[in-house]
Every structure is written in C-alpha cells, then in structure tokens.
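Following: one structure in structure tokens, then a few remarks.
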Amino acid sequence: MQENQKNTKKEIYNLNKLQKRLRRNVGEAIADFNMIEEGDRIMVCLSGGKDSYTMLEILRNLQQSAPINFSLVAVNLDQKQPGFPEHVLPEYLETLGVEYKIVEENTYGIVKEKIPEGKTTCSLCSRLRRGILYRTATELGATKIALGHHRDDILQTLFLNMFYGGKMKGMPPKLMSDDGKHIVIRPLAYCREKDIQRFADAKAFPIIPCNLCGSQPNLQRQVIADMLRDWDKRYPGRIETMFSAMQNVVPSHLCDTNLFDFKGITHGSEVVNGGDLAFDREEIPLQPSGWQPEEDENQLDELRLNVVEVK
C-alpha cells in the first residue's frame, strides 16, 4: 500500500514538474513573439493528436494566471475520413467546459476524386484544410489561429528546406496567413516533442490516429526526424544549440545579398560582426549553447511535493 502511494506521489510530482516546464516554454514563446494580446480570441486548432491537446491544456492553464484577458475556442475539422471517431473530441471538450466548434467538410472525398490512386494527397488536403480554418476563424471572430507545431517540427522544417529546397527557411512561431487576414501563432515553438509526448501520456488524452486517410508519412521529413533524434541521443545539447542558432542569425557572415550589402563593402567600411575574426580558432564552450542536463523523471523529492503543484 505504501509503495503504491509512493509511486502515485512520484507520478504527481513528475507530472507537475513537466507541466511547469511546458508552461514556462509556452509563456516565453508568447512573450518573445507577442503571440497573445489583451482581448484576443484564440482559435485553437484541435486535431486530436498529442500536440494540439497539450497546446489547449497549457493555454487553458496560462489563461487562469495571465496578466491579460483572452478567450479560447477549440476547433476541429471533421474531414469525413473513414473511421473518424466523431464522438471523441466533443465528449472530451464537454468535460472541460471549453467553447468549441466541429466543422464538417468532406475534404477526404474531394482529395480522393482529384488525386490519382497512389499519389500523395497531403498537399491538396493541407490547402483545403487551411482555407476552411481561415474561413472558420473569420466566422468565429478569432483574432489569432493557434497551431500545435513544436520545436522539433521547426528544426525539421529548417533542415528539409536546406537539404531539399536550397533555402535557409524554417517554420516561424508567428506569421500572417497567406490570405493576409489572420495571424497564425505556434505557442509550442519552444517545447520539446519528448516533453509533449510524456505529458500526453501522463494526461491520457483521447488520441485520434493521424493516418485515417491512408496517407503515408512524408519520407523526407521522417529521415530528418530520425537524424535529429540520433543527434540528440549521441550529442546531448546539439538540438538546443541548433535552435539557438535560428534565433542568432548573422547575415554578414552568410551569402545572401538580399540580407546584407556585400557590394557596399569598400575601403574604409566599418568592421561588421568581427570581420575576419570569425575565421580564427574560437574557444568552444564545454557545453553547447542552451543545453541543460536531462532531468531524471524518476527522482522523487518528497519535501517538494506540496509546493510544485500547478494551479
């Protein structure tokens, strides 16, 4: 009996610690990019996956203690895929008491009609889904659209564009929608996928499979994801350093003439960002930038159990 109580206390402690870290990550991203402002109505796009469930939970949590007032409305797009469990999200959201809207659009049928058998359907499906979500945001009077992409997604997109697209381009935490009418935010931009996975497992969210349409994972993205996971395992801190690099760009030491006026460098020009000192042997820190030791999720500090609960 005592052993069971100890395990339960340990689980509660670890969940609270994890939730605090996710809250901190989301709060920092919101502040850094001014994602949420006074009076905002945030449309939280809920797919039924671990990321969007976590995003909704953390935003609800922050809503209670934030110094500004904002409202949330959860939106799910039922695309009429075979086997889609229509009851899961409404039942879950009803238990939370969250305002929500289920949008029913047979995009699955449109995609099947337009795309030949065996060809990838993701591109057309994504465009259709995006248009519907933008329309829904307008109908609901939403000022921001929140998507559940996390830090790993952002890094994967950076490497996809580098390896296959020839661009240094990632996935911005905040942007103007392609129709020019909506601001899209990614509150999980600073969150690690493994933290989100642990949180979703601990909270036992009612996960809906993401491959009901029969589509296969993007092979190129999967290769990048495997590469990053391997690096993270073999070289602790590398992921943090790469993400820090995305926030610390030095255009004068790259090759994009649109970002820096290389032609304008003449005799008498000022030294920019250290000039050629960048090519001298630099002192490399013992630990990568932004790296912190992995926390042991199995440790239990019973003295702290009563003070770490997230309200």
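Counting starts with 1 at the first residue shown.
Yeah, the Cβs are placed from backbone N, Cα and C, and that goes for glycine too.
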Which range of 47-52, 293-298 is motif 'PP-loop motif', per Swiss-Prot: 47-52
Among Cys122, Cys125, the most crowded of the binding-site residues [Cβ within 10 Å]: Cys125
